[in-house]
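J.: Okay, handing you the structure first.
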Amino acid sequence: MASQTAMLLLPLFSLSLFAMASAGNLNRDLQITWGDGRAKILNGGELLTLSLDKASGSGFQSTHEYLFGKIDMQIKLVPGNSAGTVTAYYLSSQGPTHDEIDFEFLGNLSGDPYTLHTNVFTQGKGNREMQFKLWFDPTLDFHGYSVLWTSQHIVFMVDGTPIREFKNLESRGVPFPRSQAMRIYSSLWNADDWATRGGLIKTDWSNAPFTASYRNFNADACVWVAGKSSCTAGKLAGGGVSWMDYRMDLESRKRMEWVKRNHMIYNYCTDLKRFPHGLPPECALA
């Protein structure tokens, strides 16, 4: 029944307000930061690949830092037996009280669905994990993974479909990331001590090198330079930034609830064993 529902709903997902933007130049927008040649920008800046072998993984970061924005990337994940590998794509500030918004793709045995792990850190504290099984094979083609981050909420999206919303509940005592600029990072690395079935399935290095591919990065966002934002208060208040005023409508909420109902496999807000003295406050308020 779930698969039939997916077939009915997925065509609607492509009609999202947030279709993927046209390709940027990855040579301009992204910087390879580690991997000793395992990360490559190809095709004149249209494609980036990260690779992992037994000696090392690889990674990149965005040229700019941002304070609020709509961040889009299309990713094709490691195909075949990717057990033990993690492809991380996230925003993060620096320091012990950093903020962070995470997509992490946990590798699998051939034929198993990928696990999408999401998390939100505020002031150095995370523990807000939600996990999903993707409703498509993310290794066959590129799919869009987006973060909408405003002063009011954070929305995680897959191919334009909202899968998770983290609201600003500061008025109720819940910290929210809104004062630290964040850079985009991505890495492909070995985490076979925990990534696949809790570490039971180890990385098969005979399948190396493992490779993930990236394209169509777009940051419709407020660039943070020398302690100042490129988005002035007047521009934000005047409606000059369309994503800043985004609110989830009824259709978007229906899509998000469909994903949660059919594809969510872990929600920290229902884990009473983990929080025996009471769930985090946002669980009751969201």
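The backbone N, Cα and C atoms fix where each Cβ goes, and this holds for glycine too.
Reproduced below are the annotations present in TrEMBL:
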SIGNAL    1-23  signal peptide
DOMAIN    1-214  domain 'GH16'
ACT_SITE  E100  active site, nucleophile
ACT_SITE  E104  active site, proton donor
CARBOHYD  N108  N-linked glycosylation site
J.: As a test of the contact definition, list every same-chain residue at least 6 positions from E100 (active site, nucleophile) whose Cβ is closer than 8 Å to its Cβ.
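T.: Those within reach of E100 (active site, nucleophile), by Cβ under 8 Å and sequence separation of 6 or more, are Y90, L91, S92, S93, N119, V120, F121, G126, P177, M182.
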J.: Within a 10 Å radius around the Cβ, which one of these recorded positions has the most neighbouring Cβ atoms: E104, N108?
T.: N108
